[in-house]
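These features come from TrEMBL:
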REGION    1-55  region 'Disordered'
COMPBIAS  1-13  compositional bias 'Basic and acidic residues'
COMPBIAS  21-44  compositional bias 'Basic and acidic residues'
TRANSMEM  76-96  transmembrane segment
TRANSMEM  102-124  transmembrane segment
TRANSMEM  136-160  transmembrane segment
TRANSMEM  172-193  transmembrane segment
TRANSMEM  200-222  transmembrane segment
TRANSMEM  228-249  transmembrane segment
TRANSMEM  270-294  transmembrane segment
TRANSMEM  342-364  transmembrane segment
Amino acid sequence: MTELRHRGAKDTDPTLQQQPSEDKGSDSELKVEKDGASDGESKVDSGVPEVPVSADDTPEVLNKALSGLSSRWKNWWVRGILTLAMISFFFLIIYLGPMVLMMIVLCVQIKCFHEIITIGYSVYHSYHLPWFRTLSWYFLLCVNYFFYGETVTDSFFALVQREEPLRILSKYHRIISFALYLTGFCMFVLSLVKKHYRLQFYMFGWTHVTLLIVVTQSHLIIHNLFEGMIWFIVPISCVICNDIMAYMFGFFFGRTPLIKLSPKKTWEGFIGGLFSTIVFGIMLSYVMAGWPYFVCPVEFNTNSNSFQVECEPSELFQLQEYALPSVLESVTGWTTVRLYPFQIHSIALSSFASIMGPFGGFFASGFKRAFKIKDFANTIPGHGGIMDRFDCQYLMATFVNVYIASFIRGPNPGKVIQQLLALRVDQQLHIFNSLKAHLTEKGLLPALQEAAA
């Protein structure tokens, strides 16, 4: 990278050479080894990648209707109208059931991946990197094959064991996944060009970090969905609520800047969004916890070959009485209150969505500032791209998955039985005898009496 710094120092304006050394170091990461740099390349070497600016795609009907307003209020109305439209669509896909939700998650994942990869391609397309986009989409296919294959094997175990082709694919799933990835890895190595080594490895890392952020998190979202739709809907709704309320409080009361990465974010919006989201999470949890459709785990019924959400709700979703602290008792006059235990968990979920969730947005803001762009795309007028709307959701998905694994999920007897039935008869007998001896030793079964001769 040293020769790139020397070359950049010769080509740039003398005033730019007086910048601090750390700025030069970060900018030099975007430079490329290439003899006889062209004008297009020198722009990249300057450390200011040129990404095409998205045009205003606000529907003409809204532009005409809001033409008399200032840009601030026009943006407020555009964002509000489109937000209501997205919330309506969210209600629709919830009504359509878990299968549609999974397909939507997959579509959102692909679109987010496309938006991030497109930024990289827009910056470096002039170098004609061989196979860059082809390999990026190939790796996306490989990673999705691995994760969704794991999900199918785990959640559709009975169906997989019933169908011979699926059983074979399930048995050798990981070696097939590794072979697919290894093929892409070899294709990347074969595509290396002498004058583009550093840039190609940079883009290789770009692709893999994008896969880590987007695909892994969407896989966790689907895992949360299988625990019950409430674990999918409440966290996502809390992030949406926090985003809306923080914007509203910041728009009307914001005075104190929160963070330099997002100059429009204010402490007033942050605090207002926090308390609003906690109250919203408790109320939404109370409404949803009484419906088996939302609280039952999503399971596949092999008899009807369809998903089912029928069960006897666990204690987590049954009303219980809780004694109020003396402070609250003196204020409210109540000694006890009836709540679903899930409502208490919802406080943790909504608090994370309000306090830590925005850092996903700050991370995205830093990324966009690094490439001098306002939004990831212009898919949604007033909001930007799909990634602009889901930057906080991915961080939330990881937290929910970890939270369930740490505090909620226990052993699943149904899955244990399924795995036992897939064993050979001698293995099943061995487990049966071991379990019987263990229960007898614990005094849970009467001691066996040897049969009389």
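Cβ atoms are placed via backbone N, Cα and C, with glycine included.
Simply put, out of 102-124, 172-193, 228-249, 270-294, 102-124 has the most Cβ pairs sitting under 8 Å from the transmembrane segment (200-222). Within its own chain, the transmembrane segment (342-364) has Cβ neighbours under 8 Å at 230, 234-235, 238-239, 241-242, 246, 259, 261-262, 265, 270, 273-274, 277-278, 280-282, 284-286, 289, 295, 316-317, 376, 387-388, 391-396, 399-400, 403, 407-408, counting only residues six or more beyond its boundaries. Remote same-chain residues near the transmembrane segment (136-160) are listed as 106, 109-110, 113, 117, 166-167, 169-170, 173-174, 176-177, 180-181, 184, 187, 207-208, 210-211, 215-216, 219, 222-223, 226, 299-300, 302, 305, 415, 418-419, 422 (criterion: CB distance under 8 Å, separation of at least six residues from the stretch ends). For the transmembrane segment (228-249), the partner stretch with the highest count of Cβ pairs under 8 angstroms, out of 76-96, 102-124, 172-193, 270-294, is 270-294. Cβ atoms under 8 Å from those of the transmembrane segment (102-124) belong to residues 30, 44, 49-52, 93, 132-133, 136-137, 140, 144, 199, 203, 206-207, 210-211, 214-215, 218, 221-222, 225, 371, 373, 376-377, 379, 385-387, 390 of the same chain, restricted to positions at least 6 beyond its ends.
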